[in-house]
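Working notes, structure below.
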Amino acid sequence: MNEKFYELPPEKQQRIINAGLEVFGAHDYPQASTDDMTAKAEISKGLLFYYFKNKKEFYLFLFDYCC
């Protein structure tokens with residue numbers, strides 16, 4: 001993960017986290033759409049992948065966040 005994520009305002013960080021949790025919570029990993037996540041977080045897909053290398057890295061970040 002790009003450390004720049006932690007430089008975001010807390011509200012924006014939480015919006016991205018919540019969107020990921022919502023989509024991953026509703027769908028199996030293969031069906032969880034990054035398009036849905038970014039739409040819910042109100043960010044571009046490019047920005048999500050600026051902060052996280054790929055979908056798996058974002059998933060693992062969320063797993064650690066929850067545990």
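Glycine is no exception: its Cβ is also placed from the backbone N, Cα and C atoms.
Note that the structure is a prediction, hence the values are computed from the model and not measured.
Copied over from TrEMBL, here are the features:
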- 33-52: DNA-binding region (DNA_BIND)
- 10-67: domain 'HTH tetR-type' (DOMAIN)
> In the DNA-binding region (33-52), how many residues does DSSP put in helix, strand and coil?
Replying inline: 15 helix, 0 strand, 5 coil
> Across the DNA-binding region (33-52), what is the average pLDDT of the model, as a whole number?
Replying inline: 98
